[in-house]
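If you look up TrEMBL, you'll see ASN7, ASP196 marked as active site. Feature annotation from TrEMBL assigns compositional bias 'Basic and acidic residues' to 295-305. What TrEMBL lists as domain 'HotDog ACOT-type' is 1-109, 165-280. Per TrEMBL, region 'Disordered' is recorded for 285-322.
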Amino acid sequence: MRPDDANIAGNVHGGTILKMIEEAGAIISTRHCNSQNGERCVAALARVERTDFLSPMCIGEVAHVSAEITYTSKHSVEVQVNVMSENILTGTKKLTNKATLWYVPLSLKNVDKVLEVPPFVYSRQEQEEEGRKRYEAQKLERMETKWRNGDIVQPVLNPEPNTVSYSQSSLIHLVGPSDCTLHGFVHGGVTMKLMDEVAGIVAARHCKTNIVTASVDAINFHDKIRKGCVITICGRMTFTSNKSMEIEVLVDADPVVDNSQQQRYRAASAFFTFVSLSQEGKPLPVPQLVPETEDEKKRFEEGKGRYLQMKAKRQGQVEPQA
């Protein structure tokens, strides 16, 4: 890990790690999807499950990224990726990330054609049934996120501190060849890195301290982003606890050079959680968010629900659904 991979405190950006995770997942899933004779394809990222940043990675450490396929459906591949950091001076290794990603195989001849996934040999019978349950769960969650696709972030003049408008941020990026796969659409890891960057700006504006990515809720990729698109990545704070901040990030794509598709569309969405740190790396209290509009108050309550649910899950006491 080099200085340009990290923030001012020397901690590697969460987006940099997410990009490495996606690249490892893309390699192993593309390899599996081309393991039999037939139409050639490349695996495209469809979804990333919740990812926790278990331990910080620092400048000078070596990242070890390993990936394995854990389940396949007819048209998708589930990949588990682990990230280890190694201090090459002391030999100390530690687990920094565990992530689950879903890919779909797209034909090299027709980017809109999803191919069938070759069968996968499971080490035990229960593994397939457990994977099928995860597949059905993520499929349902993806459907539930689509209702938010029309939501947009509007700028506000002279916002008050600690409000949603005060810290909300946007980044505009023209998609070039270096951002894209062989198909000519954006790597999922590139999109995630930009999303993490915007979320980090929102968090830093709100608390004005050093901040780090603590976790990423499920990232859903609703549609492909093609080369030549102008993408707008918008972030806004939705909830604060005493020591964490939840930030919603929305990615919209504008196909300015594609005459066949003029409509701007929602390409991806996710929730990032950041924590505030002192110069010594200790957690700091977070200024409490002040929601002003009814929509902001509603998003705050939804964020609070996600926070409490995850807190209960970590304690082994998942609350029943209403």
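Residue numbering: from 1, along the chain as shown.
Note: Cβ is positioned from N, Cα and C throughout, glycine not excepted.
Quantities reported herein were computed from a predicted structural model and do not represent experimental measurements.
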Distal contacts, the compositional bias 'Basic and acidic residues' (295-305) - CB-CB under 8 A, six or more residues away: 164, 238-239, 246, 248, 271, 289
Spatial separation of ASP196 (active site) from ASN7 (active site) - C-alpha basis, Å: 12
Residue distribution over DSSP helix, strand and coil in the region 'Disordered' (285-322): 21 helix, 1 strand, 16 coil
Which same-chain residues, if any, lie at least 6 apart from ASP196 (active site) yet have Cβ under 8 Å of it: HIS13, GLY14, GLY15, LEU18, THR213, VAL216, PHE272
Residues in the domain 'HotDog ACOT-type' (1-109) grouped by DSSP into helix, strand and remaining coil: 23 helix, 51 strand, 35 coil
Overall pLDDT of the domain 'HotDog ACOT-type' (165-280), taken as the mean: 92
Count of other CB atoms lying within 10 Å of the CB belonging to ASN7 (active site): 19
Counts of helix, strand and coil residues, the domain 'HotDog ACOT-type' (165-280), according to DSSP: 26 helix, 54 strand, 36 coil
